[in-house]
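Among the features that TrEMBL reports, domain 'Cytochrome b5 heme-binding' is placed at 1-60. Per TrEMBL, the feature transmembrane segment maps to 96-116, 122-140.
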Amino acid sequence: WLVIHRKVYDISHFYRRHPGGARLLVSHAGQDATDAFVEFHVDKVLVSKYLKPLQIGELAPDQPSVEPTKNEMLVKDFRELRTTVERMGLLEPNQLFFFLLLAHILLLDTAAWLILFCFGTSLLPFVFSLLLLTISQVQASWLQHDLGHLSVFRKTKWNHLLHKFVMCHLIGASAKWWTLLHSQHHAKPNCFHKDPDIDMHPFLFTLGKKFSVEV
């Protein structure tokens, strides 16, 4: 079970069919998932159709919606801040900016390959081509990041489509893999065993004595 806007939902069967991945929902089991729900779902009307059959009740009026481990005033402040940011229009994307960003990535890619094609693979052309490709790849990684967050186009499908193009064809990685892992990261940032960005201990490395102790 989890809570969204003080309504209680049973996700026992739905979580395996969740488009964002099962682990994302499981990490919020028994908790208030309101903030994660608001952040991750662009089309609230569409999602509400899936939510309605899962609702099994509401919190009692005297029951707080924030877990005891969280600072209620801090949560309230962040929600007010988000409302203010939305009202100011700061979440509205400048699509011309993203178009020009993609155009200059493609231009750098093309220039890098033309240098090798025209001047061969001797040291100087190779280094210059490598420099252009490095800049292109770094820029592409941030472009796919914004597309993966569905923050460029109003329609989700266009974000997904261009995200696949940039991530799969320009960078050479899996768009689905990035989306699943990055969504889990933002849902539970820096929570050990729930954030895949830090769930590597102790197999790959450790970061001091404090990090090696699970709290």
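Cβ coordinates come from backbone N, Cα and C, glycine included.
The average per-residue pLDDT of the prediction over the domain 'Cytochrome b5 heme-binding' (1-60) is 89, rounded to a whole number. Within the chain, the transmembrane segment (122-140) has long-range Cβ neighbours (under 8 A, six or more residues past its boundaries) at 101, 104-105, 108-109, 111-113, 115-116, 166, 170-171. In terms of DSSP helix, strand and coil, the domain 'Cytochrome b5 heme-binding' (1-60) has 27 helix, 11 strand, 22 coil.
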